[in-house]
Amino acid sequence: MVAAPSARRLVRRSHSALLAALTVLLLQTLVGWNFSSLHSGAGERRGGAAAGCTEQPAPPPAPAPRRERRDLPPGPAAPLGACCGGGGRGPPARARARALAGCPEEPRPQQPAGQGALPTRALDGYFSHRPKEKVRTDSNNENSVPKDFENVDNSNFAPRTQKQKHQPELAKKPPSRQKELLKRRLEQEEKGKGQSFPGKGTHEALPPGGRAAVNGSHGKDAPRQPHTRKSGGGSPELRYDQPPKCDISGKEAISALSRAKSKHCRQEIGDTYCRHKLGMLMPKKVTRFCSLEGKANKNVQWDEDSVEYMLANPVRIAFVLVVHGRASRQLQRMFKAIYHKDHFYYIHVDKRSNYLHRQVLQFARQYGNVRVTPWRMATIWGGASLLSTYLQSMRDLLEMTDWPWDFFINLSAADYPIRTNDQLVAFLSRYRDMNFLKSHGRDNARFIRKQGLDRLFLECDAHMWRLGDRRIPEGIAVDGGSDWFLLNRKFVEYVTFSTDDLVTKMKQFYSYTLLPAESFFHTVLENSPHCDTMVDNNLRITNWNRKLGCKCQYKHIVDWCGCSPNDFKPQDFHRFQQTARPTFFARKFEAVVNQEIIGQLDYYLYGNYPAGTPGLRSYWENVYDEPDGIHSLSDVALTLYHSFARLGLRRAESSLHVETGNSCRYYPMGHPASVHLYFLADRFQGFLIKHHATNLAVSKLETLETWVMPKKVFKIASPPSDFGRLQFSEVRVGTDWDAKERLFRNFGGLLGPMDEPVGMQKWGKGPNVTVTVIWVDPVNIIAATYDILIESTAEFTHYKPPLNLPLRPGVWTVKILHHWVPVAETKFLVAPLTFSNRQPIKPEEVLKLHNGPLRSAYMEQSFQSLNPVLSLPISPAQVEQARRNAGSTGATLEHWLDSLVGGTWTAMDICATGPTACPVMQTCTHTAWSSFSPDPKSELGAVKPDGRLR
């Protein structure tokens, strides 16, 4: 009887204590809700997501501490994290309370999926994903490595790891500690994998035969396979035709072996490493044949009037064009500008560029002084194959006894002349005994270190593998700079046919060198009997912008960090008119980036085309051609090209309909025949799809071309906010972001469920501000949200949120908010696939690809609590429709795809490439937009009386 009142009092006290504890927790949450800021993606000063040359392929950084509440009542700005600026206004109190209730500090149990909501992950809160730190680079004259190379760690040799999940223990550690912890964790994972292959940072030696030692009875009982071993982490099985002849102990060689894909390449890596280790690969001493002390540097003068004093015996030039890609019309325009009947043109097309090779063969047949190499190499950036291409081209040219040339000039399709042929011939005739190469312009020891000349490289599997260190041979001076040069015939003969100690050993040394063409000819010339003929000028202007061009963009094909020139723009035109030093060519030019500058230069040299000439502001570039085969297309591209063709047929039926019946109705047949990008006035206008279709009126096959253009999807908030830096600018989403030219190389933004989209924002000038970016999927699931600091000088920012795949097909939205007030938004399409591995998709594949990520969780944390704040309700009907769509196949799937494509693309026009039964269908050659329409600026015709084409 006495115990009962005591128990009741205890319960009341416990209840009061519990309420007090909950109140304290609520207050702590109010104070502690901290949304982490995110550094600018690719701003002018703070720069992009991970250009940093020093970084490894790594998991996304761990979340930083949560940021402070943005949605406080109006008042003094709350201080934000180091990357954020300003506090601000927020949604109403009721919305704030809901948002707060949905984002507790600790993870909460997963809510069961109810009607109108999709199941989401339990961790409900906001975490930012910081991009990697940026390494700043500077101009270093003419060669392709960063100037501040002492600060660049090129040990980017670890096998790629899977994207890491949220790791709370890293959240409050500084970035350096996070990296250390992640590195230790990766090392522990590698050690824990059975028979795992050593990765980056390990010095474990492989015994001869390539088999790793194993512990315990497993090693004794396991069946042995000679010259075979498994690598960890899903790496390819390591096989050798012959066992390596030494212990492979260098970390670079071990890493190269773990990443090489083919058995042949791994064999070559092992053999090369062992030959070098045994002292059988590199020359130790080389003979110098130059009698001069130091470096010769002849001064040459440019005289604008020299063309008037043409010599009686003008030089004849062998132009060697080393080209790749698909920009055939730009190549033809450049060829047209440099052509003269007195010169010779030898064209090498990359082994992987079959479309361009077909186009080059076609126009080369028209001219007797144009030939195409009967052999082809894959000339990767920085690869030894480029030097091999030049040396073989030189040998071929010297063996062509009917081509009496005097100078060797190498060009690419991205070059363009900036002075006339007559001026070039007059200048070279005056200095016919000289060789023109651009040197690096700094001390050799520093150049050797920055250029990686003291490192051993091997090219195989279309990759340059770094295998270790080496010594520079004694007895010679090493030089280098630009790999664009003009060499006279005497020196070319010496390099090609000489068997002396210098040439023989330098060819061996540079066969295992990164960017060998940037140094081989310089070094041989400076140490040869021809050393007094060197002119430190390659007669070119190269558009170096180290801040943009040194993004380590070639790390996927070379174990080093390099730079690339930027494309010229109209504002650069004045640079071509300088006369301080002799220059005759400039690079780089890209018509898909800017064609106006090419037109300006062309008109400056050769005058304007006649008034009314068609196609001068248009540019077409092929991205698919039927002989390439559909295996050359991705499933996303093949899916959308088919949908674009059907969109064109529907336009023909609706807009070209005539009373006579079905004469303008078609049924699609087969795969697309070709696809072109179409630009007008340097603006992307969409795709041109050439495709086959059966005319239903006559049951005959016709070939048509459809023009589809993306609809405008970027819009400023209405009513406009007081935030003005996005006005007249843009927000875009895509893949293949080019940080150098600051555009998406995936023109049109064709995306599928397994793509990893990047968000890009272009800014106007203004004060430093912080904006919030929110990604919303087709059923209003908030997939990601993060802050970006836009500095006053920033023009672009970009970031790729680490979303779990697959993405849900449909129309996505990216919103930009300032102080949680909408500023702008854009939309992008994630297309459902109708093809998988270039075959019609199977029913068992559609649900895996079209139903979104597991439990609809795009990231570790959920942002479901922000839906009411942002007025983004999740509709049960919309969710159910998405579920049904995800299981669609056949005609139902095509109908779903076409409805999505029709909402984001417009069929602008359609034409017939040949005979047609549709009486109102226009012929493609009579349109201004078709890839079959006239293009005089790139068309090659008969040689004119003055010997030129232009």
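Glycine is no exception: its Cβ is also placed from the backbone N, Cα and C atoms.
Quick caveat, the model's predicted, so the values are computed rather than measured.
Within VAL320, VAL322, VAL535, VAL623, the residue that Swiss-Prot lists together with ASP350, THR379, ILE380, TRP381, ASP483, TRP484, SER564, ARG587, LYS588 for binding UDP-alpha-D-xylose is VAL322. For CYS561, the disulfide partner named by Swiss-Prot among CYS552, CYS563 is CYS552. According to Swiss-Prot, of the candidate residues ASN34, ASN410, the site noted as N-linked glycosylation site is ASN410.
Which of CYS531, CYS550, CYS563 pairs with CYS290 is settled by Swiss-Prot: its disulfide partner is CYS531. Here the region 'Disordered' (931-950) has Cβ contacts under 8 Å with residues 329-330, 332-333, 335-337, 339-342, 363, 366-367, 421, 599, 602, 606, 609, 613-616, 618, 620, 622, 674, 676, 678, 688, 690, 705, 911, 913, 924-925 of the same chain, all six or more residues outside its ends.
Helix first, then strand, then coil: DSSP counts for the region 'Disordered' (931-950) stand at 0 helix, 0 strand, 20 coil.
DSSP assigns ARG587 (UDP-alpha-D-xylose binding site) to a strand segment in the three-state reduction. For the pair CYS552 (disulfide bond) and THR379 (UDP-alpha-D-xylose binding site), the C-alpha distance works out to 18 angstrom. In this structure, the CA atom of CYS911 (disulfide bond) is 36 Å away from the CA atom of VAL322 (UDP-alpha-D-xylose binding site). When other Cβ atoms within 10 Å of the Cβ of TRP381 (UDP-alpha-D-xylose binding site) are tallied across all protein chains shown, the result is 16. Considering only the recorded positions CYS246, CYS531, ARG587, CYS918, CYS561 (disulfide bond) has ARG587 as its nearest partner by CA-CA distance. DSSP assigns VAL322 (UDP-alpha-D-xylose binding site) to a strand in the three-state reduction. One residue stands out among the disulfide-bonded residues CYS290, CYS550, CYS552, CYS924 for having the most other Cβ atoms within 10 Å of its Cβ: CYS550.
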